[in-house]
Amino acid sequence: MSYKSGFVSVIGRPNVGKSTLINNLIGQKVVITSPRPQTTRNSVRGIYTRPEGQIVFVDTPGIHKARNKLDNYMLEKAYESLEDIDVIIFMVDGNYSFGKGDEFIYNQIKGVRVPVIVAMNKIDRINKEIVMERQKNYEERTGFPVIPISASRGTNLDTLVEEIFTFLPEGPQYYPEDMVTDQIEQFVVAELIREKVFILTREEVPYGVAVKIEEMKERDNSTMYIRANIYAEKKSHKKIIIGHKGKMIKKIGRLAREEIEKLLQTKVYLDLWVKIEKDWREKEGLVKRMGYKG
């Protein structure tokens, strides 16, 4: 039996479940998630391997209207992910019929020369009759095959994977079978910290936050020491992140440390600092300094 492999770009509107899908397929958290849209800022690769083949998933920032330099960067990364790939997963929210946001993305991909599969997510929230109705609606509007799934519950993910493999070419194993992401540890650690800020803070605060790992080294007692700066755009945001008597930053640190220890399989001392970098999302130089490089 021939070995198949290829690169699969997962695109869609913000908060349709792209990161949840990849994490569930890989069986490990390689992409951060939160209930808020636009959590993902970089294109992240998740690697799915089985004896007969390998799929390299590329999770992308949600496609939306750009409002600042950071948004421009995120959209650039989303569109870059469509280059040199073998299959596109166009992810949509099954709670809704085909809408303007979906149409905008459809217009970007309808002319591509690679197979497109529509993954209609969140079917666990709607009854079977509506699932069938929405599936037909998306098939008629796009002309692509539509697979109803629940990324969070794992429903029909095996069907989606089989459909992807039918379109993949014969190819090499790009990554070792025990590798689940190509991202360096520092990137993943910074993202896990940022995820906790996203989940625990409110309103516009998380969108103006960046996390930069300043130091990461193993100590003599086999503990990993990590010093990270959390950058906020405003003094008021810094206060919210720190919280009353430091309660919020302690909670962010505790929850992030628990996940980082799972990732690194070692005890972690997480040293978090909150700093102000005014309007960094508006300045290209600062966007790059925060690690979002083109």
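Each residue, glycine too, has its Cβ placed from N, Cα and C.
Swiss-Prot assigns the feature region 'G4' to one of the listed ranges (121-124, 141-144, 265-268), namely 121-124. As stated in Swiss-Prot, the feature region 'G3' covers range 59-62 out of the listed 59-62, 219-222.
When Cβ atoms from all protein chains are considered, those within 10 Å of Asn15 (GTP binding site) total 19, not counting its own.
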